[in-house]
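Written out below as structure tokens is the structure these notes cover.
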Amino acid sequence: DSENPTVNPCHDGTHTCEVTARCQPGSGMEYTCECAAGYRREGRGCQDVDECTEGLSQCGAFTICLNMPGSYRCECRSGYRPAEDGQACVPSDPCEDGRHPCGPRDRARCLPRAGGQAACECLPGYTGDGIHCSDVDECAQNPCHPAATCYNTPGSFSCHCPPGYEGDGFQCCVCVGGMFASAEAIQQLTPCEHERLYPRAVPPGPSPVGDGHVPQCDQEGRYRPLQCHSSTGYCWCVDAAGQEIAGTRTAPGSTPPRCGNPEPTERAPTMCERWRQSLLDHYGGSPRSDQYVPRCDGEGHFTPLQCHGDSGYCWCVDESGREIQGTRSEPGSTPPCLPSVAPPSVRPSPRPDVSPPAVGTFLLYAQGQQIGYLPLNGTRLQKEAAKTLLSLHGSIVVGIDYDCRERTIYWTDVAGRTISRASLEPGAEPETVINSGLISPEGLAVDHLRRAIFWTDSGLDRIERARLDGSQRQVLFHTELVNPRAIAVDPVRGNLYWTDWNREAPKIETSTVNGANRRVLVDRDIGLPNGLTFDPFSKLLCWADAGTKHLECTFPDGTGRRIIQNNLNYPFSIISYANHFYHTDWRRDGVIAVDKETGAFTDEYLPEQRSHLYGITAVYPYCPGGKP
């Protein structure tokens with residue numbers, strides 16, 4: 001037997017343990033049948049334990065437990081992915097992991113939804129269901145100026161003025177006498193104005209005078225009786241047709257001839273003429289056919305009948321241009337308006353009281369002679385509750401901002417060349433705080449912590465500041481500015497930001513509120529940065545560009561620049577509130593809402609009275625970033 005030593009059955013396989021059991025050798029020939037982990041004893045064998053049905057698994061939330069021989073496996077439900085602990089599952093983002101059917105990224109965007117679902121949306125400039133997106137041919141809608149050429153591009157379009165014109169393609173103008181005139185208006189030019197645009201090679205006369213002569217025209221477009229050549233110094237008299245009167249030519253350096261009647265002393269422009277010119281300037285010299293431009297007679301007075309472009313809506317006005325109630329007519333009929341020959345009424349004019357707004361957050365926007373009120377429900381526009389907050393006859397309100405400490409609105413008026421304010425308390429009346437030294441005050445910003453206002457003047461090319469009451473006025477910058485427009489302030493950090501839409505070199509600049517450390521933040525890939533806002537919550541500086549059609553944001557130091565929306569129409573002013581931007585738009589003549597995260601257009605408000613909207617601001621029931 002020593003030659004055949006005993007071998008434990010576990011070693012030679014003669015044990016009787018079933019396959020699911022493990023043979024455990026003992027002393028000599030003894031052994032036991034034991035169950036492996038995940039099994040339990042049943043007779044001489046072992047039965048698999050179903051950890052899933054018996055609740056023994058460690059699978060976490062949103063998982064599916066799968067039983068396996070001697071073990072189990074945890075798998076994530078559809079739409080979920082494993083969490084970092086390896087046990088639970090969390091909703092997956094199909095937009096990140098590519099599990100979505102959306103179209104190419106240059107045509108569509110994927111939007112994550114609850115439960116790990118995905119929604120597809122075509123990018124602006126494309127149409128479709130988000131899965132299949134085709135380019136929108138914006139040119140089919142004729143968005144450009146009639147004289148311009150429209151070029152459709154993938155997801156967008158561009159407008160280009162023809163040679164000899166100036167403009168951005170939405171407005172194309174030619175220069176007549178130093179002023180912009182629309183292409184349509186050229187057909188209505190007087191002979192003198194037409195000759196200024198297309199000078200003759202040599203004026204008629206007995207002696208040559210060198211290169212072409214550009215005639216001088218009076219205010220009504222007629223030839224001035226005295227004409228002088230700008231480069232040679234020759235002068236002569238002309239008749240009503242602009243033809244030289246023989247024998248009147250004088251040599252350079254000699255006394256010019258006396259021609260016709262002595263020219264009258266030029267009078268100061270009237271309110272009607274100032275308002276008309278200011279509106280024409282803001283329309284780029286070329287108002288659309290449905291835009292209102294005041295009608296003035298030869299003496300500068302408002303004509304009794306005023307009409308809103310060619311819309312057919314007309315009304316009668318008094319000597320001050322105020323609409324006479326009950327005279328507004330529908331298209332097809334014109335109200336009988338009689339010229340007023342009586343002296344101005346001694347009855348008091350209607351008080352320009354503030355119509356008190358409700359409590360809560362709301363938007364205020366400037367629209368010509370009024371400041372409008374547009375409440376918010378969360379971030380949705382409560383369009384049905386919109387109303388006129390303040391009527392300001394004879395004004396053109398452009399910049400607007402709010403002092404949250406004293407619940408007071410401030411605004412610039414380019415027609416009256418003033419800066420004014422009004423409390424939001426019931427019955428409050430406007431108060432002018434600055435009424436001199438302004439030409440075209442546009443952008444305005446209120447620093448509620450330092451009790452100061454800042455503004456841009458595109459006529460003087462200046463940026464100034466003053467106390468809220470107009471005292472301690474100070475010019476911050478008067479150099480290297482061409483067309484300063486929007487301005488914003490960060491009261492907490494004491495920084496100032498502004499835009500300059502100089503067509504040759506547009507830029508966004510910054511400095512301290514005291515004018516120190518001036519520097520350029522953005523000067524690349526911008527066109528007409530009309531609107532600017534500083535968000536005190538996200539600490540981002542954002543702007544709306546009517547040239548590039550972009551809404552963009554950057555950190556205050558100029559880093560982290562990103563595009564929020566790349567298909568705006570013609571934005572003018574912008575304000576940030578909560579998770580939305582709200583901007584006024586000159587193409588839509590309304591207030592447009594844009595989601596900050598997705599860049600989607602979520603809502604719009606188009607006032608019944610269609611005219612350009614200028615500045616916009618948000619009124620909070622508290623002071624952001626400062627004392628209430």
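Backbone N, Cα and C define each Cβ position, glycine as well.
Remember, TrEMBL labels are computer predictions, not curated facts.
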Partner cysteine of Cys314 (disulphide bond, per TrEMBL) from Cys307, Cys316: Cys307
Intrachain residues whose Cβ lies under 8 Å of the repeat 'LDL-receptor class B' (407-450), provided they are six or more past its termini: 271, 274-275, 278, 281-282, 351-354, 356-357, 364, 366, 371, 390, 392, 394-401, 456-460, 466, 468-470, 473, 484-489, 491-492, 494, 496, 498-499, 513, 532, 615, 617, 619, 623, 626-627
Pairwise Cα distance for Cys307 (disulfide bond)/Cys228 (disulfide bond) [Å, integer]: 40
C-alpha spacing of Cys314 (disulfide bond) relative to Cys235 (disulfide bond), in angstrom: 47
Nonlocal neighbours by CB distance (under 8 Å) for Cys228 (disulfide bond), same chain, sequence gap 6 or more: Gln216, Tyr234, Cys235, Trp236, Pro256
